[in-house]
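Only one structure is covered here, and it is reproduced in the block below.
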Amino acid sequence: MIKISNPGASESLTDGLAHVGHSRLKQNVCISSMLLTKFQSERNLKQYSVVIPGQKLFTCKVCQKGYSHERSLKSHMRVHENIKPYECKFCGKPFPSNSALKRHVLSHTGEKPFTCDICGKAFTRNCNLKTHMLTHTGEKPYSCPRCGKSFRRKSNLKTHERIHTGEKPYQCEFCGWNFSAKSILKKHTKTHKPK
């Protein structure tokens, strides 16, 4: 049995999360942002799992990206399997998830719902706004363990780390040369195309 205290309640709950495989649970709960959520069935509990904010319980075996929910991992796997069931009504481009399609549609509509309170710059994605906010604070939270160089974006750190590993995962379809960053490959590919 796991005992979980709810900071907003006078009593604590004892639940059967340790016995998820059993057919009966006395109290199905989930920890989410310090709130307790009750579930109607064991099936719903299994699907949601016990989530502590920031905890990644499910990891992609292809790229090692972590997810809090199994359904998020399943959706992510479509990227590797090249399954793209969601199509843009404006341009026909396919996407692996509905959320990826919604983000893309914003490029057609021009809508930028996330705005910086400091400078007024607007973004299509909240994560881009959060990264932008670091330009105001000067914070660079991602540091290279080998040389100490810091970055605002985790993706920039990953690209940088390839300098140390020598990894070049992006290959030119025209000449076979390999590159450490997608942006470098894009720039290189233009040298093959007629002007």
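Cβ coordinates are placed from backbone N, Cα and C, and glycine is handled just like the others.
For the domain 'C2H2-type' (58-85), the DSSP-based tally of helix, strand and coil residues reads 12 helix, 4 strand, 12 coil. Residues annotated as domain 'C2H2-type' in TrEMBL: 58-85 (among others).
Confidence annotation: the domain 'C2H2-type' (86-113) carries a mean pLDDT of 93 in the model. Here TrEMBL flags 86-113 (among others) as domain 'C2H2-type'.
The domain 'C2H2-type' annotation in TrEMBL covers 114-141 (among others). Only residues 6 or more beyond the boundaries of the domain 'C2H2-type' (114-141), in the same chain, are considered here, and those with a CB under 8 A from a CB of the stretch are 103, 106-107, 150-153.
The domain 'C2H2-type' annotation in TrEMBL covers 142-169 (among others).
What TrEMBL lists as domain 'C2H2-type' is 170-195 (among others). Sequence-distant contacts of the domain 'C2H2-type' (170-195), counting only residues of its own chain at least 6 positions beyond either end whose CB sits under 8 Å from a CB of the stretch, comprise 159, 162-163.
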Spatial neighbours of the domain 'C2H2-type' (142-169) far in sequence, C-beta under 8 Å, 6+ residues away: 131, 134-135, 178-181
